[in-house]
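Student: Pulled from TrEMBL, these are the listed features:
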type	residues	note
TRANSMEM	75-96	transmembrane segment
DOMAIN	88-226	domain 'Sodium/calcium exchanger membrane region'
TRANSMEM	108-130	transmembrane segment
TRANSMEM	150-171	transmembrane segment
TRANSMEM	183-202	transmembrane segment
TRANSMEM	208-232	transmembrane segment
TRANSMEM	322-340	transmembrane segment
TRANSMEM	352-370	transmembrane segment
TRANSMEM	382-402	transmembrane segment
DOMAIN	391-537	domain 'Sodium/calcium exchanger membrane region'
TRANSMEM	414-431	transmembrane segment
TRANSMEM	451-474	transmembrane segment
TRANSMEM	495-513	transmembrane segment
TRANSMEM	519-538	transmembrane segment
Amino acid sequence: MGSGKLFEIFTNDTPTYEAHQNIIVSLKTQPCSNVHSVHADERCLFVQETEHCRESAHYIDYMHFMYCIVDSSNLMLFGLAVIALCLIALTLACIIHNICVRRYVDTVLYVAKSLHLNEYIAGVTLLTYGNGLPQVLSMLKHHTTDDTELIFNQYLGAAVYQTSFLAALVISMRRFYIYPEVIVPNIITLLVIAVLVEAFMYKEQVGILKTVTLFVLYVTFLLALYTIALVLDRQGNRSRSQITVRDASGNALDINRTATPVTVGNEGEQNSIWQILRIFRRGGFRDASWYGKICSLGNLLIEAFTAMLLPQVNYGLTLHGWSKHLFTVNLNLFPLFFIYTAFVDVLGSVELGYVCLGSLATTIVLTIIVSCTTRTDRKPFFFNAVALFTVFATSYVVMLLMYEMVAILETLSIIAKISSASFVITVLSWGNCWIDLVTSITLAERGYPRFAFAACLGGPVFNILIGLCTVFCVQMLRTGSTTIHVRDGTSGPTCAAYLLVITLTLLLSVLFSRFQARASLAFCLFTLYFTFLVYIVLCEFEITHGYGTDHNDDGEYFLDKIPNQR
């Protein structure tokens, strides 16, 4: 070999493994973010053969769209596609906001009032369950591996967001007195969670005993709150258990007046679709701007869709929203909608058709019974059950929309080359907590700050304890073992430490302020969350070394050596 040839070999800075990387390293084990490490003409093949690129896909595979249908080498076309995804995510967020403000919040208030729950108990239980359902179920649907790094990071990242930013937002909107007998157990439970859960994850082994411990801790938390509420009721302190019903403007509402079939000034409000149609009759639609016309048409489509699927329950409507004819439509359509969206990926077309026929036959019988036993001018005796059904049915519809929004956010994070650890505790947590943000703002504006504040502190308790219990149990069933391998990941300890600091600060602040939620407390919580974000950004750009950074030799999230993983 000549000296010139030898010099060329030693000075060649082109990696010699690029042409063989698809052979040496299995694409199935690669993180989807590595799509930028291959040539532009190979990215479609990478996305098609990498399992984790399809992990977040719901009804639409956005990764396939961006790298197979759209030419990723064409920067202008690719940029337009990115803008289109952002607009779709914004549209989904607006639809969720519309459904929550117009239906979900009113139904939650109705159920809380009808069940005689105070604002704290209703926020910790009813509102928390409705808001937490999408986040808990999304973990089971989108993360099918045995590694819990991203799941744990997202739960704790969302907890930091809820206990700091959302709680501060509620306090800044309304000043209120915090009832110590119900808020102190909540804060103490969060302190225990921040220490206990991180201790469980630190050893990287979780068994049945630890899983049951988390579940027992949540049951104990609920029993303590209900016991305190019962003691106060027996002492005659019913003022803290009463929820004053208010309209959208925050004014007190006479629910007995709206319970009658004919109410002055409320004609036609029973179905909000007709309220939107009035715009066309009055000429308001013709005089509106192009933006107003688009919003009106969008609201009309959303209202028509939700009216066909979900009963409307609202103290401000005639008969509190009861509509016999619409309910019979809901009774037949929503089960079909639920069956199709929940089992379309599990059952074949023939099996799915038989299930839908069976559901339709059952609901037709129920429709006949309802038609014969109910009246159009009087609420039925089971209307409270209808309201409770509406809460979780609306939460399910919102969950489907959030799945698509989260899938888009995950695709955009890969395009923007944001690390998984930073993404799940920031952008993904914001997306999954969008329903919490909307409901908290709406409740605070209507004069229910304690309701929203309780959900901000009770939500993390439910999401972490019940969410992790569910994930652990499912993974035990998948692996066939009573002990599973877990990891707290690159940012788990950081989130746990911040959650501990935030809850301690919250506890000391309410003690020194005599349980008054003041602007100073909101400023303190805002500052803590801003500091948390700054720290995460510094770690993302590797300016500082993140506390809790994973030093395992196994590699990153999807490259870990997971037991029982084939």
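Backbone N, Cα and C atoms are what each Cβ position is placed from, and that goes for glycine too.
Quick one: where do these features end up spatially?
Tutor: With a cut-off of 8 Å between Cβ atoms, the residues of this chain six or more beyond the transmembrane segment (75-96) that come close are 62, 65-66, 298, 302, 398, 401-402, 404-405, 408-409, 411-412, 415, 434-435, 438.
Using DSSP to sort the residues of the domain 'Sodium/calcium exchanger membrane region' (88-226) gives these counts of helix, strand and coil: 118 helix, 5 strand, 16 coil.
Beyond its flanks by at least six residues, the transmembrane segment (108-130) meets 179, 182-183, 186, 222, 225-226, 229, 240-243, 245, 255, 313-315, 320, 384, 387-388, 391-392, 394-395, 439, 448, 450-455, 457-459, 461-462 of its own chain at Cβ-Cβ distances under 8 Å.
Away from its own ends, the transmembrane segment (322-340) comes close to residues 270-271, 307-312, 352, 355-356, 359-360, 362-364, 366-367, 370-371, 374-376, 378-380, 383, 386, 393, 396 of its chain (Cβ-Cβ under 8 Å, at least six residues beyond either end).
Cβ atoms under 8 Å from those of the transmembrane segment (352-370) belong to residues 324, 327-328, 331-332, 335-336, 339-340, 343-344, 380 of the same chain, restricted to positions at least 6 beyond its ends.
Long-range contacts of the transmembrane segment (382-402) within its own chain (CB-CB distance under 8 A, at least 6 residues past either end) are made by residues 58, 92, 95-96, 99-100, 103-104, 107-108, 110-111, 114-115, 126, 129-131, 133-134, 137-138, 306, 309-313, 320, 322, 327, 334, 338, 341, 431-432, 434-435.
Counted with DSSP, the domain 'Sodium/calcium exchanger membrane region' (391-537) comes out as 120 helix, 5 strand, 22 coil.
Listed as Cβ neighbours of the transmembrane segment (414-431) (distance under 8 Å, sequence separation of 6 or more from its ends, same chain) are residues 31-33, 35-36, 63, 66, 82, 149-150, 153-154, 156-158, 160-161, 402, 405-406, 437, 489-491, 495, 533, 536-537, 539-540, 546, 556-557.
Residues 112, 119-125, 127-129, 131-132, 135-136, 139-140, 148, 151-152, 155-156, 158-159, 162-163, 166-167, 170-171, 176, 178, 182-183, 186-187, 189-190, 193, 197, 206, 210-211, 214-215, 217-218, 221, 243, 436, 439-441, 443-444, 484, 486, 499, 517 of the same chain, all 6+ positions outside the transmembrane segment (451-474), place their C-beta atoms under 8 angstroms from a C-beta of that stretch.
Residues 160-161, 163-165, 167-169, 171-172, 175, 422, 425-426, 491, 494, 498, 501-502, 505-506, 509-510, 513, 544, 546 of the same chain sit 6 or more residues outside the transmembrane segment (519-538) yet have a Cβ under 8 Å from a Cβ within it.
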Student: Checking distant contacts: for the transmembrane segment (150-171), what same-chain residues at least six beyond its ends satisfy Cβ-Cβ under 8 A?
Tutor: 135, 139, 143, 190, 197, 201, 420-421, 424-426, 428-430, 432-433, 436-437, 440-441, 443-444, 449, 452-453, 456-457, 459-460, 463-464, 467-468, 471, 486-492, 495-496, 498-499, 502-503, 506, 517-519, 521-526, 528-529, 532, 557
